[in-house]
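Swiss-Prot has this to say about the protein:
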TRANSMEM  20-40  transmembrane segment
TRANSMEM  360-380  transmembrane segment
DOMAIN    428-563  domain 'GGDEF'
BINDING   Asp436, Glu479  Mg(2+) binding site
SITE      Lys441  site 'Transition state stabilizer'
BINDING   Asn444, His449, Asp453  substrate binding site
ACT_SITE  Glu479  active site, proton acceptor
Amino acid sequence: MPHETLLDNQGWFKKLARRFGPGHVVNTCFLIVMLFSTLLTWREVMILKDAYVASQRNHLGSVANVLDRQLQFNMDRLIFLRNGMHEALVAPLAFSALQSAVTQFEQRRVRHFWQLELDKRRTLPLYGVSDQFVARTTLLSRESRDLANELTATLELGYLARLARSSAMLTLETMYVSCSGFYLSTLPTAYGSDIVSRYYQYVTQPWFIEQSQRRNPQRGVRWFTSAQPYVADEQKKVTASLPLDHDNYWYGVLAMDIPVASLQRFLRDAAEKDIEGEYQLYDNHLRLLTDSAPEQQTANTLNDRERALLAREIEKDTLGGLRLGTHYVSWERLDHFDGVLLRVHTLREGIQGNFGSISIALTLLWVLFTAMLLISWGVIRHMVKNMFVLQNSLQWQAWHDPLTRLYNRGALFEKASRLAKRYREARQPFSVIQLDLDYFKSVNDRFGHQAGDRVLSHAAGLIGSTIRAHDIAGRVGGEEFCIVLPGATKAQALQIAERIRQRINDKEILVTKSTTLRISASMGISSAEEYGDYDFEQLQSLADKRLYYAKQSGRNRICASDATQEREKK
């Protein structure tokens with residue numbers, strides 16, 4: 001193995017190039033390309049995600065707006081009826097029919113149940129219970145001084161409620177329930193004990209009790225979910241209720257029942273063109289009221305954990321979206337209903353939709369690009385590795401002697417010149433040994449050139465194993481070698497040369513199958529400390545001259561001076 005001293009003053013670029021070879025450069029470039037392609041794909045995914053969320057909100061918003069407008073129409077009607085009653089309380093009409101109704105009330109108020117009706121074709125009947133029934137609870141009272149005005153106002157409400165009925169409305173029933181023991185409803189009641197049970201059912205409902213001044217100080221519309229068993233089909237309903245007040249006195253409650261079936265039918269009609277997703281309507285306690293799923297299909301209901309997560313998000317904003325497992329749920333609060341409308345979009349629907357197709361295509365493109373990139377990386381990495389190996393091999397062949405595996409003459413002179421310059425600047429010793437194998441020509445003549453090659457290779461191995469780690473050695477001629485000893489004085493160089501001479505002389509070489517041969521070497525030594533000259537060619541020339549003196553003096557010896565002061569060892 002050749003020995004080489006690493007120079008401390010090598011540039012940072014060469015050190016970096018030595019640490020990061022072509023393979024590292026290729027790896028880094030491909031890693032950067034893959035990183036940027038992944039970031040670009042991720043950016044596209046984020047844009048696609050935002051577009052998907054916006055699409056979900058747009059679909060939900062369109063249905064929510066239609067439902068909200070329909071509910072607003074019903075709420076406006078309820079407020080209109082409340083305002084009409086309020087005006088009738090403040091300025092009652094002086095019609096004889098109304099006065100006659102008041103008189104009839106005074107006559108019938110003690111009855112267990114009673115009914116007042118002005119005109120069956122134009123107004124709705126008024127139903128009531130006895131004074132004794134009203135006196136049973138503190139919630140009800142007939143002590144109002146405006147009882148007569150409330151009675152006539154309720155009869156006027158019957159006229160308005162009949163006129164305001166429309167097939168486009170969602171409501172099943174509109175009613176006014178008074179704290180004074182009577183009620184009016186768009187659904188007729190058979191005359192009899194059903195009047196008492198129905199009034200009792202009304203005044204015990206949450207939508208009536210919760211409208212007291214203490215429980216509803218804002219006096220606005222409130223929504224309630226209830227099942228009313230007296231209805232023939234016993235269907236589930238939501239009820240909007242609005243209190244009637246005047247001069248800080250609570251007269252009663254105007255209410256409107258909306259069947260859940262009507263809301264379901266409306267949702268299905270509104271979402272019939274939207275083949276993806278399912279709409280669900282929840283009340284203010286996140287209880288499912290209805291959904292747009294077909295009758296033969298099971299709704300995608302939320303479990304308790306998902307409902308809790310959704311409730312936490314709804315508290316933060318009036319609309320938004322949330323990923324719950326394989327479902328994406330977008331939600332929006334309704335302006336005219338105390339609840340929230342949800343759109344549930346499953347993963348399967350998402351994959352089958354437009355955004356799913358785009359996502360799959362984008363994923364396949366990224367996978368294809370990444371696969372091509374990895375294949376290209378492997379091919380180029382293999383090519384670069386082979387080229388790097390070939391380059392190193394060619395460089396090694398250009399700098400080394402293939403037989404002895406030491407530096408050739410050109411490489412040795414180049415490296416030695418750089419070392420000499422460095423040690424001259426550092427004012428450190430620098431020595432050179434010139435070595436020649438004795439009688440080498442006779443080995444070629446007697447045993448052939450193959451034997452000569454074995455001798456050269458054997459001698460080079462002994463030289464390389466004897467010199468120090470930072471010394472360098474090279475073959476400069478046929479059987480001639482040069483050894484550069486940076487940092488070695490002339491005395492140290494002489495010791496090293498002596499070790500080399502002894503090892504070469506002591507080892508026998510097998511030149512043929514049955515013949516061994518012992519060789520010797522003559523050496524000349526020069527050192528920069530003699531004349532202060534660090535020019536390598538001059539030092540090598542001086543060592544070569546002293547090598548000639550050693551051969552003239554009998555071979556197998558070392559010459560370290562110009563004439564007679566050579567040291568001889570046998």
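Using N, Cα and C of the backbone, Cβ positions are placed for all residues, glycine too.
Cβ-based neighbour count (10 Å, all protein chains) for Glu479 (Mg(2+) binding site) stands at 20.
On a Cα basis, Glu479 (Mg(2+) binding site) lies 11 Å away from Asn444 (substrate binding site). Residue environment of Asp453 (substrate binding site) contains 13 other Cβ atoms, counted within 10 Å of its Cβ in all protein chains. The two recorded residues, Asp436 (Mg(2+) binding site) and Asp453 (substrate binding site), show a Cα separation of 14 Å. Look at Asp436 (Mg(2+) binding site): DSSP puts it in a strand. Nonlocal intrachain contacts for the transmembrane segment (360-380), taken as residues 6+ away from its ends with a CB within less than 8 angstroms of a stretch CB, comprise 26-27, 30, 33-34, 37-38, 41, 44-45, 48, 351. Under DSSP, Asn444 (substrate binding site) is assigned to a helix (H, G or I) in the three-state scheme. When the Cα atoms are compared, Lys441 (site 'Transition state stabilizer') and Glu479 (Mg(2+) binding site) turn out to be 9 Å apart.
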